[in-house]
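Annotated in Swiss-Prot:
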type	residues	note
CARBOHYD	Asn60	N-linked glycosylation site
CARBOHYD	Asn120	N-linked glycosylation site
CARBOHYD	Asn267	N-linked glycosylation site
CARBOHYD	Asn380	N-linked glycosylation site
REGION	23-46	region 'Disordered'
TRANSMEM	88-108	transmembrane segment
TRANSMEM	121-141	transmembrane segment
TRANSMEM	148-168	transmembrane segment
TRANSMEM	178-198	transmembrane segment
TRANSMEM	208-228	transmembrane segment
TRANSMEM	238-258	transmembrane segment
TRANSMEM	323-342	transmembrane segment
TRANSMEM	354-374	transmembrane segment
TRANSMEM	432-452	transmembrane segment
TRANSMEM	458-478	transmembrane segment
TRANSMEM	493-513	transmembrane segment
TRANSMEM	524-544	transmembrane segment
Amino acid sequence: MMEDQQSLHSFISDYDQRSHAVEKYDGPDLSEVDSEDNDKMIKTNEDEAVKEPIYRTRSNQTEPDIANAPPYSRFDAKYKMALVLQCAYTGLFSTMAGAIYYPVLSVIEKQFHITEELVNITVVVYFIFQGIAPTLMGGLADSLGRRPVVLFAVTVYFGACIGLACAQTYAQIVVLRCLQAAGISPVIAINSGIIGDVTTRAERGGYVGYISGFQVLGSAFGALIGAGLSSRWGWRSIFWFLAIGSGVCLVFSIIMLPETKRTIVGNGSVTPRNYLNRAPLLMFPLIRRKLHLDDPEYETLEPRTQLSLLAPLSILKVKEISILLVTAGIQFATWSTHQTALSTVLSKNYHLSVAKIGLCYLPTGICTLISIVTSGRYLNWSYRRRFAKHKVWLKEQEEILVKENGYSREEVQNIINNDPKYVFNLVQTRLHAAFVTLLLSSSGFVAFGWCIDVKAPLASVLVMSGFASLFSNCILTFSTTLIVDIFPSKTSTATGCLNLFRCLLSALFIGCLSKMATSMTYGGVFTFLGALTALSACPLFYLLKNGREITLKRKRKEDASRAFALSVANEKAEAEGKAEESR
């Protein structure tokens with residue numbers, strides 16, 4: 001398939017209110033729209049219709065019956081929200097395991113008679129394995145299914161928490177912290193995969209915001225919970241708390257978590273072959289009827305992907321992803337460094353008790369929660385508004401080409417088909433607000449560092465901490481949503497790649513924090529990190545300007561490769577058939 005034959009058709013025609021709302025195909029990235037399908041739109045909510053085309057490739061030889069096409073997902077809004085709660089509850093233990101540990105850093109330091117650098121190592125190794133594990137497990141989730149990997153991850157985490165509660169030496173804590181991180185961290189990436197499996201682009205931003213918001217409750221209240229438990233029952237109680245919570249989570253996941261991977265269950269109506277992918281909940285007649293399990297829609301199954309544990313390394317070559325990795329990674333690492341520094345400063349500079357240190361993490365956590373939930377809702381609103389404007393503009397351009405230039409409708413269609421400027425700019429829609437949030441958070445972190453240096457009142461330190469956190473995690477929601485849009489069939493792998501980069505950077509920054517603070521002071525450290533964050537935002541200008549063209553070019557190459565592979569496979573099958581006939 002030649003490159004000049006692969007481009008997007010226009011988003012044209014009005015929604016027929018008498019027809020059923022049809023969900024847009026949101027599977028593997030494709031590069032064509034059939035003109036016959038342009039008048040088939042979707043409706044994302046009861047109040048406002050967002051119109052999108054049905055995507056298909058010319059390689060499809062059979063014309064689909066769009067009017068009777070199965071929905072993109074059989075999971076309705078209530079079931080999707082139930083999935084969000086289930087995934088968020090699981091992911092909560094990943095975010096909480098880090099935050100709940102911060103208030104007891106000084107306690108661990110005294111308990112095992114170690115230095116500040118050594119106690120920070122227990123945080124560093126957690127971030128390292130939190131980054132590496134999803135990179136490997138994300139590929140498994142994209143190949144074997146979401147459910148088996150989640151069950152394995154929670155089981156490992158459950159065992160590691162029990163081990164940490166019983167640890168007797170510093171070495172045991174370091175090793176078990178590695179195991180704890182490796183166990184639970186993949187669920188964050190897998191949660192993105194689950195949401196990508198059951199949602200369309202128009203609604204995805206909101207669901208990503210919801211699940212991120214619920215997950216960040218661990219960061220918001222983890223330190224408070226850890227401080228309360230430690231001050232009453234000692235530092236070991238925080239790991240018993242995590243063990244009990246993750247044990248309950250494991251039971252719920254075994255019973256209720258469905259498989260959503262589209263190569264295994266399609267739109268949710270296909271029963272998985274492997275029993276490990278089947279949730280006992282699906283045995284109930286009401287659930288079976290809702291998901292159409294007795295009348296499976298096999299046409300919604302997507303091609304299986306080959307298992308590759310190193311798949312994230314290939315994703316790193318994608319320009320859009322590499323730019324997002326740098327920007328989001330540095331921002332997250334700065335926020336994590338500030339979280340670690342806050343515990344040390346409150347204990348040594350302000351001489352606060354463990355319980356009061358936990359309370360001082362509330363502004364950070366609550367502002368982070370507000371940041372993530374608000375940014376997700378903003379993405380949904382922005383998508384609907386920009387898409388509606390784009391459709392109106394496209395209609396105007398079509399009329400201009402017809403009336404002012406004298407082109408026929410067929411000629412106009414060919415012009416629109418072959419000009420990238422007529423394609424809806426999804427990259428700009430997701431990232432246009434990133435600069436403001438990055439600059440505001442950077443200024444907040446710089447002010448936070450200098451408040452510590454000048455020994456400002458505690459309220460000033462906490463206000464700056466909350467202000468920086470209010471904007472620092474917006475880029476994570478923007479980046480995660482765009483990555484899911486770009487790689488809808490490899491969401492766990494792609495988000496695992498993002499997680500790897502941001503966690504390794506966090507480990508590097510936290511590992512250097514103590515020595516940097518000694519030589520540069522905290523004001524100098526966070527001025528440096530703030531400048532680094534602002535500098536990392538510069539490549540976003542390039543992405544906003546050229547992202548649409550880069551994405552389209554990559555899609556065309558991928559479609560050409562798939563078409564070539566398909567033709568080779570067809571020729572091989574035809575040759576084998578002739579050889580069989582000759583026998």
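Glycine too: its Cβ is placed from the backbone N, Cα and C atoms.
Of the Cβ pairs linking the transmembrane segment (148-168) with the transmembrane segment (238-258) and spaced 6 or more residues apart, 3 or more are under 8 Å, so the two regions touch.
Within the same chain, the transmembrane segment (524-544) stays apart from the transmembrane segment (458-478): fewer than three Cβ pairs sit under 8 Å, each pair at least 6 residues apart.
Note: the stretches the transmembrane segment (208-228) and the transmembrane segment (432-452) are not in contact (fewer than 3 CB pairs below 8 A, sequence gap of 6 or more). The Cβ of Asn380 (N-linked glycosylation site) has 21 neighbouring Cβ atoms from other residues within 10 Å, across all protein chains displayed. For the transmembrane segment (88-108), the partner stretch with the most Cβ pairs below 8 Å, chosen from 238-258, 354-374, 458-478, is 238-258. Across 238-258, 354-374, 493-513, stretch 493-513 shows the highest tally of CB pairs under 8 A with the transmembrane segment (121-141). Counting Cβ pairs closer than 8 Å and at least 6 residues apart in sequence, the transmembrane segment (323-342) and the transmembrane segment (178-198) reach fewer than three and form no contact.
Residues 99, 102-104, 106-107, 209-210, 212-213, 216-217, 219-228, 230-231, 338-339, 342-343, 346-347, 458, 462-463, 465-467, 469-474, 476-477 of the same chain lie 6+ residues outside the transmembrane segment (354-374) yet bring a C-beta within less than 8 angstroms of a C-beta in it. Panel annotation: around the transmembrane segment (178-198), residues 73, 75, 80, 83-84, 87-88, 90-91, 93-94, 97, 125-134, 137-138, 141-142, 146, 149-150, 153-161, 163-164, 204, 207-208, 211, 215, 246, 260-262, 268, 480, 483-484, 488, 491-493, 495-496, 498-499, 503 of the same chain, lying at least six beyond its termini, place a Cβ under 8 Å from a Cβ of the stretch. Among residues of the same chain six or more beyond the transmembrane segment (432-452), those with a C-beta under 8 A of the stretch's C-beta atoms are 327, 331, 334-335, 338, 341, 345, 349, 375, 378, 382, 460-461, 464-465, 467-472, 474-475, 478, 521-527, 529-531, 533-534, 536-537, 540, 544.
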